[in-house]
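Encoded as structure tokens, the structure appears first; notes follow it.
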Amino acid sequence: MFNEINLDEIDLTESPPSEEPRRQYYFMAKCRELVRKKKEELGRPLSFCIETFGCQMNARDSEKLRGILEEIGYIKSDSESSDFVIYNTCTVRENANLRVYGRLGYLHALKKKNPHMMIGLCGCMMQEPEVVEKLKKSYRFVNLIFGTHNIYKLAELVTEALEQDGMIVDIWKDTDQIVENLPIDRKYPFKSGVNIMFGCNNFCSYCIVPYVRGRERSRLPEEILEEIRRLVDDGVKEIMLLGQNVNSYGRNLAQPLSFAELLEQAAGIDGLERIRFMTSHPKDLSEELIEVMSRYPKICPHLHLPVQSGSTEILRQMNRRYTKESYLALVDRIRASIPDISLTTDIIVGFPGETEEDFMETMDVVEKVRYDSAFTFIYSKRTGTPAAAMDNQIPEEVVKDRFDRLLARVQEIAREQSSRFEGRTMDVLVEAVNEQDSSLVTGRLANNLVVHFPGDASMIGTILPVHLDCCKGFYYIGSTV
Ligand code: 5AD
Ligand code: SF4
């Protein structure tokens, strides 16, 4: 865990500093005192549990929240009967919201049994004003509500929540601040995400992300590279650079730098063995990036390239700013430079106005690209987005039928694609002992495919050549060579 400031050296008789991150270290020290006192009162340590919904960005945010809570003296737990439960929420589709409301009912029951319990909600869903109104009205037992822009303030917010009763709500509409160098508790010792940018400026017409994550802000390259170096010194082998649209990284920096340039500099870091990144918007994927990817074996041969739809007309309605033809041409250029590359995608079915012909265009792209895997989604109406106001919404049964046809074909192709490496020997980063069979370990190829092979816990975090004996659908059984 990275620690810039020693909490023992902070003088709590002084008033809190105003500059960050010093201010948060002050509150960590203060909060640690409050937690220590509570622990003495109860005669046991206080536990916490963070449930993460949604994407890689949220997963990384949760690692930051965990780092701060551990620094404060809470003990990590997987149980929702903990003293402090936080839901880090997602709101990209409506059922993500419904799940949170459902589970809040369950938490309320737990809280009635444990009066010391605190409940916190954060993440994208909290950036929606209607959600916060509903929580204030009908979920008064929630102690703390904060958003996506101020997670770094957790220590300050928890201090407040411990010092007073009632619901604390702190939501910012947007921010231009990026606060760095706070504690982080990584889920895996050997791999880590690294945020390179926050927010999104694309405003795809169906998507709520630009409203809840704010405008695009890129971190400084030297901060990113320094964080990667520190992680590598700490044993990390694989880094995933994270951003809503990594291909527009660096455009707004005082000294602009392209994503391809950043990636190349990261690839030059000694000791780092694998780099991946997520997500790439097809409209911004540069020739320079393809060229850099083809030159560095460390850069994983995998691109997540969401197509969303194969119909040029639907893409226009979605405000995606590419056509079916330009997307397919891009895929051809990528494959010509990086022949073995794994391509994955996101597809939405049932966008307003989607005809059977439009849907067949999507099926056609699936046939032509042959994705290694694809996340398929039923269009979900998000209040406040332009698509939600379109009057030609598609009936549920039509969407369901298209979705089933798409999913069947996508899975069939993914199975065929996955098996194309059978018989080869490829490097696997070992992640864990297999959950079903403890004589096996489980790891990932650079292209992200899962491999199970004989081994033990001592192999975790190492990269080993493995013979891919047999493909079982979406994973391999292998043997060490
Ligand atoms: N309905 C369905 N899927 C959506 N996505 C984003 N917004 C919506 C929506 N309103 C999907 C997109 C995106 C992925 C992260 O979630 O496919 O790439
Ligand atoms: Fe949403 Fe489009 Fe931004 Fe992705 S690029 S987060 S789909 S608005």
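In case you wondered, yes, glycine gets a Cβ from its N, Cα and C as well.
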Considering the [4Fe-4S] cluster 1 binding residues C55, C90 given in TrEMBL, which of C122, C124, C200 is annotated for that site as well? C124
Report the same-chain neighbours of C55 ([4Fe-4S] cluster 1 binding site): residues 6+ apart in sequence with Cβ closer than 8 Å to its Cβ, ordered by sequence. C90, V92
Using the CB centroid of C55, C90, C124 as the [4Fe-4S] cluster 1 site centre, which other residues of the same chain sit with their CB within 8 A? F53, G54, M57, N58, T89, T91, V92, A96, G123, M125, V209
I want the residues beyond C200, C204, C207 whose C-beta is within 8 angstroms of the mean position of the [4Fe-4S] cluster 2 site's C-beta atoms, in chain order. N202, F203, Y206, I208, V209, P210, Q244
I'd like to know which of the binding-site residues C124, C207 has the most other Cβ atoms within 10 Å of its Cβ. C124
Among C90, C124, C200, C204, the binding-site residues whose C-beta sits under 6 Å from ligand 1: none
